[in-house]
Structures are given as C-alpha cells and as structure tokens.
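As given in TrEMBL:
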| type | residues | note |
| --- | --- | --- |
| TRANSMEM | B:24-52 | transmembrane segment |
| TRANSMEM | B:64-85 | transmembrane segment |
| TRANSMEM | B:97-117 | transmembrane segment |
| TRANSMEM | B:124-142 | transmembrane segment |
| TRANSMEM | B:171-192 | transmembrane segment |
| TRANSMEM | B:222-242 | transmembrane segment |
| TRANSMEM | B:254-280 | transmembrane segment |
| TRANSMEM | B:312-333 | transmembrane segment |
Amino acid sequence: MTRPAPGLLAPAHLAVSGLSLSFGGLKALTDVSFEVRPGTITALIGPNGAGKTSLFNCISGFYRPREGHIRLDGQDITHTHPPARAKAGLARTFQNIALFKGMTVLDNIKLGRHAHMKTNLLQALAYWGVARREEMELRAEVERQIIDFLEIDHIRNKPVASLSYGLQKRVELARALAMRPRLLMLDEPVAGMNREETEDMARFILDVKEEWGISILMVEHDMGMVMDISDHVVVLNFGKVIAQGPPAQVQGDPQVAAAYLGSGNPAELMRRLSAVGEAA
Amino acid sequence: MRIATAKETYIADEGLLTTRTQRAWMIVLALVLVLAPFVLNAYWLYLACLVAINVASATGLNILTGYTGLVSLGQAAFMAVGAYAVAFLDGHLGTPFLLNIFAAGLVAAAVGVLVGVPSLRVKGLYLAIATIAASFILHFVFTNWVSVTGGMSGVNVAPARLFGIELASPFALYFVIVPITALMVLAAANLFRTRIGRAFIAIRDRDISAEVLGIPLLQYKLMSFALSSFYAGVAGGMWAYFFRVVTPESFPFATSIFFLAAVIVGGLGTILGPILGAAFMTLVPELLKYVVEWLGPVFPNAGAALSPVRTIVFGALIIFFLVFEPQGLAEIVRRIRRFFHLWPFKT
Ligand SMILES: Nc1ncnc2c1ncn2[C@@H]1O[C@H](COP(=O)(O)OP(=O)(O)O)[C@@H](O)[C@H]1O
Ligand SMILES: [Mg+2]
C-alpha cells in the first residue's frame, strides 16, 4: 500500500479573524478569531446552537460573514465562491451526511477529485486521450490512497444509500480526502456512531494527520476523542470564543466551566458535554 | 449460470462493456441493426428511422432531466430549431448534408443555453414552466420569421446527398440516421464515465455539496442544457431530411411531452432508458393499430369503435409503467439480466 509521501500535500494555515455573522436579529457569531496551524488537529467545541456549523459554513463559503476575514495561507478567501475554495485546498464533511445517495461509493469518492481534473466536454464524449488517461489514473490513485487506507474495499461498488451510518461517514471522509485537501474540515465525524466505529474514525483522523500531513479542523461533541487526538481546542459559546488552548489547559479552565454551567467545576462540565454528544 | 470472474485489474472495470456476455450481445445488436433494412418492408423501415431519430432526442433530454435533474419541456422546440437550421442551410447555402446536421446541433445548443439561463435560479416545476414559455416564444418566431422559416406554410427540404448518392428513401436514410444515433448514444455513455458526467449527477442529487466539491453550478447546468439541445438539434436535423418539410406544426408542444414521457417510461438517468422509452412510445401505438386490424373480422365496425380505445390503451400502458415500474423499462431489463446471471441457483 502506497500513501502520499509526507509533504505531498502541503498543510494549510487557516486564520480566522474578527468573524461576525447574524441571521436577522440573531447573532450567530461574534468577533470569532482563531488559527489552525499547519499539520495540527484543532477541535471546535461548544454546546448545541453555539455556532459551530455556522462557522464551518462561513469557512466553506455558504454563509457570508458580516465582518471579519478568513485567510488560507495568508490569502484572503472571505468572499470567494465555494468551488474556488475547493481548488485552494479546502475540503469538508457535513454534520448530516451529504453524499450522493444514488451513486456508488467509488463514484462518490471520484467526485472529490473533480476540481483537479482537466477533461473537457468533447474529450469526455469521446473518452479519448486526456479523458481516458485521467480516469485511469484517478481510479488507480483512489484505490491505492483512499480505498485501502480507509478500509472500504468491500463496499466500493455499493450504492451509498445501502450502507450503515458509520460507513457513510467514512465514505464522506474518503470523498473529502479525494479532494487532495490541505485543510480538512469535519463536522461531527463520530456523532451517532457506536464505540467501535468511533474508535475507528479517531484512528483514521489521526492517520490522516500523520500520514497525509494535512491540517484538520473538527467539530466534535465526543470529549474523550477531542482530548485524545486534538492539538488545540477552541471553545465556542453563544457565537463567541470563550477559551482556547491545548486540551489539558482548556479542560482545566474554570472560566470555560463557569460560562457553561455557572459552576466552577471543570469535571462536571466535561461530563455534561459528553452527555450532550451522546444525546445528539 | 455464469461464474462471476474476479476482475484482474480495475482497468477492465472501467470499460463500457465489462463482461464477455455484454460484448456478445452488443455484436448481436450491431448485426441486427445492419441486417434489418434488408428484411424490413418500407413501412417498418420508416418506423425504424423514426425510432432512431426519437432515441437521439430522448437521449439528449435524459442528459438534462434524467442525469442533471433539470426538467425541460422544450425538447420539441429545440428539435424544431435544428430542423429549420437544416432547411435554411440546405436551401440557402447548399452546404453538405453532414455539416448541416452538425450545424443544426450547434444552433440548437446555442438556443438551449439561452433557455437554460433561468436554471440557476429556478428548479423543478418552475424551470419546466420557463422551458414551456421558451417553446411558445420559439413557435412565435417560427410562424413570423417568414424569410427564414417560410411562415405557416413552412419550408421544403431537398433530399440529402452523401458522396453523390441521393438519400431519399427510408432505406438509404436508415444507413445514416442509425449510425449517427448510435454514435450519440455511445458519446452519452462515455460522458457518464468521466468527471463531467459525474458532476451532472452530483448537481441532480445535491447541488449544495456539488459546489463544495468544486463544481461551478451555472457552468455545468448550462453545459447540460447545451448538450441536451445539441442532441435535439441533430435529431431535428435528421427529421428534416427524413420528412423533407418543416412547418411550425412539425414539432407541436405535445412532442415535448412525448419525449419527457419516453425518458420516464424508459428509465431516467440510464443509458438504456431513453432507447427503450423512445422505441416504446413510437412503436406501441403502431402495434396497437395492428391489434385493432386483427380484431376487425371478429368485431364488425371495429375500426371506428376501437381507434379511440387504442389511444386509451396507450395512455393506460404509460400509467401502468409509472405506477408499477417507476424506474422504467431499463430496470425491468436489469432485473431480467440479473435473473439469468444467477440462474438457476437464485432468482
Ligand atoms: N440558516 C440559518 N438561518 C437562521 N438561523 C440559523 C441558520 N443556521 C444556524 N442558525 C442559528 O444559528 C445558531 C447557531 O447554529 P449552529 O451553527 O448550527 O450551531 P451548532 O452547530 O454549534 O450546534 C443557532 O441559534 C441556529 O438556530
Ligand atoms: Mg452543528
């Protein structure tokens, strides 16, 4: 099994500064600033409704923030269209899986590579030259780098709709990886999974970081997983960043606990947060 | 029972025909198509050409509606554009047959792109209405742009000529129309093995996530419109050489519904679907005509009494398929294939 050589995908540096977003009167995000350092895993946590998904939607270009900037390797992408961000190296998965249900696993994954391919309409109709070569290369790469890596070879020709929830989440990760991302964004990658599926997914995310060397930004409720695998944690509450730092520091931050619970007991906070994750 | 062979490499897996049986069937089909004109009488040959023309147009509509998820009721109008383009080029410029057919596709594609512009904003029923509106505008143009279209009385088209041979009979035209249609079907099958075809399907299934994957929606929706109406234009061009007269009533609005029904009955979003659907929609009314004739001696006056019944039976058949096989004729074929694939061990 060959995997991309380290450094093949240069990890991106994401900088969000002073981001604000509102829906009518509702302030979903207020002056949010944080960074994702190249090659690290940053976790975004906070209770339901804190604005985590909205923040993801700003970064991937669905929502237009009222104020603030989003920079990828110093380049301002705040106002570019989603396809341009995909080209720049941004890939994401969705909280509610957004796969193409009628297509096979393989076709879903292949779609991830769309923006990196060059076949034009005429070449596609004739399936000659570039078209044929590109499709063959794509298939070979997808098999080698993604299907083997995520251990989904037994389902490659199955329609996505026939798969379990856990496997669908994995296929969505596969499709995002096919985009050759430099920053991978995962919205609740293990929500609704059982223990075993969660452990598999945590392992895959760590492997992606270590073997592909890309930066990862992840929203997650599962505190055990967040504390285990992330390098940096950002805590969001009512659309504001109330704390950030290494997991151990955030975990012990009395301010975080106070903001959440009105008590000063971090252990209680973590218990409550995990409960939220399991309920969702 | 055929044992499923383990694929040696995925290269074979990426082919159009992946098993030996499929290749064998394709050769049989090709032979049948080549030999058919020597066996069929003039009437059935006429029908065969008509089916081929309709398959070309239905395949185009299927790219737009079946694969990209954009419902259009403008296919007949795009065919008309192609037919008029051929009539004009042939009559005024005298350009060669194949070039005219190709140009008919290009002109229709250009019109299709214009009609497709609203598709970025509207979908479903609203887009269908927009394409109906475009059809009526085009119909107005056909009746009133007399210098090009000949107005209500239309334009005549001289017989096609290819390599100095006059293609006036269905027999002669068959050998041009069927290969052109076959090429167009092949091109469509190829398309859906590549990034562009996948992008169309992605837009159909979920256009939000299509954008995140780097697929620019407007560009691809317009491309799908262009391609679909190119197919309609070529079909319309062949139609013009086949019937040799084009009037505003050659492609009534009902023809657009005919094509939508053909792709739905055949199976949306499959290559086989529009082929089966167009054949079904074209041939079943004819077959019912035969049934009525056979019943003639049994029931006196059958002709008069049964011809409305024919229309009703045709309508009922369409409804039957929609209700009992919403995935279309292509799905029935797939089930039969699977049956023989596993037979006799499993049904
Ligand atoms: N498209 C939208 N329109 C209006 N309100 C929204 C929209 N999306 C999110 N919100 C609101 O913004 C707040 C943050 O939601 P969200 O980002 O989904 O939170 P989280 O992902 O942290 O649970 C919530 O109050 C939610 O109701
Ligand atoms: Mg959320």
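Note: Cβ is positioned from N, Cα and C throughout, glycine not excepted.
TrEMBL: automatically predicted annotations, no manual curation.
By the Cβ criterion (distance under 8 Å, sequence gap of 6 or more), the transmembrane segment (B:254-280) is counted as touching the transmembrane segment (B:171-192), at least 3 such pairs being found.
Using a cut-off of 8 Å between Cβ atoms, the transmembrane segment (B:171-192) and the transmembrane segment (B:312-333) share fewer than three residue pairs, counting only pairs 6 or more apart in sequence. By the count of Cβ pairs under 8 Å, the stretch nearest in packing to the transmembrane segment (B:64-85) among B:124-142, B:222-242, B:312-333 is B:222-242.
Taking Cβ pairs closer than 8 Å, the transmembrane segment (B:124-142) reaches residues 70-74, 76-77, 80-81, 84, 111, 114-115, 118, 149, 248, 253, 256 in its own chain, all 6 or more past its ends.
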